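Features of the protein shown, as given by Swiss-Prot:
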- Asp9: active site (ACT_SITE)
- Asp9, Asp145: Mg(2+) 1 binding site (BINDING)
- Glu70: active site (ACT_SITE)
- Glu70: Mg(2+) 2 binding site (BINDING)
- Asp145: active site (ACT_SITE)
Amino acid sequence: MADLIMGIDPGTLVCGYALIKVENRYHIHPHSFGKVKLSQKLALAHRYKQLFTEISTILQQESPKAVVLETQYVHKNPQSTIKLGMARGVLLLAASLQDVPVFEYAPNTAKKAAVGKGNASKKQVQLMVSKLLRVPDLLAEDNEDIADAFALAMCHAHLAPYQDLKKTLV
């Protein structure tokens, strides 16, 4: 039986998500993917509410075995770091309310899993994930967030057997 893993690239305006089907750890197939687009015109609280609602709906419909996020990193702008942290909190809550464990990986770990090098550019990640999963739609310029989400899910598929389950965030 195949497991579904959901990678999420959080954002305050665009949140990319991708679900992969994993069989025997090495057979990885794209299942579904998309973006939650949040209007800049909405107050921040309403954007987080929309993010929570849409991701919760996807979690409910798909029932993934795990959710995977990037570890928090510090932007040059402290406000951006705080806002992104709040978006991550919304995603953690959505997953925890549905009892889906959440794992996190550093961006360079996910890039290394997808491309082979931890300092790969977003374009390199996009190209490699598109080729590995045979999803040409990922090459569109505005699909970088989805490619990052796929990279996170793929990273977990490869590293999950070595994860200490006590390290889950939820």
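Using N, Cα and C of the backbone, Cβ positions are placed for all residues, glycine too.
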Task = Using all protein chains in view, find how many other C-beta atoms are within 10 Å of the C-beta of Asp145 (Mg(2+) 1 binding site).
result = 24
Task = With an 8 Å cut-off on Cβ-Cβ distance and a minimum sequence separation of at least 6, pull the same-chain contacts of Asp9 (active site), or say none.
result = Cys15, Gly16, Tyr17, Glu70, Asp145, Ile146, Asp148, Ala149, Leu152
Query = Using DSSP and three states only, what is Asp145 (Mg(2+) 1 binding site)?
reply = helix
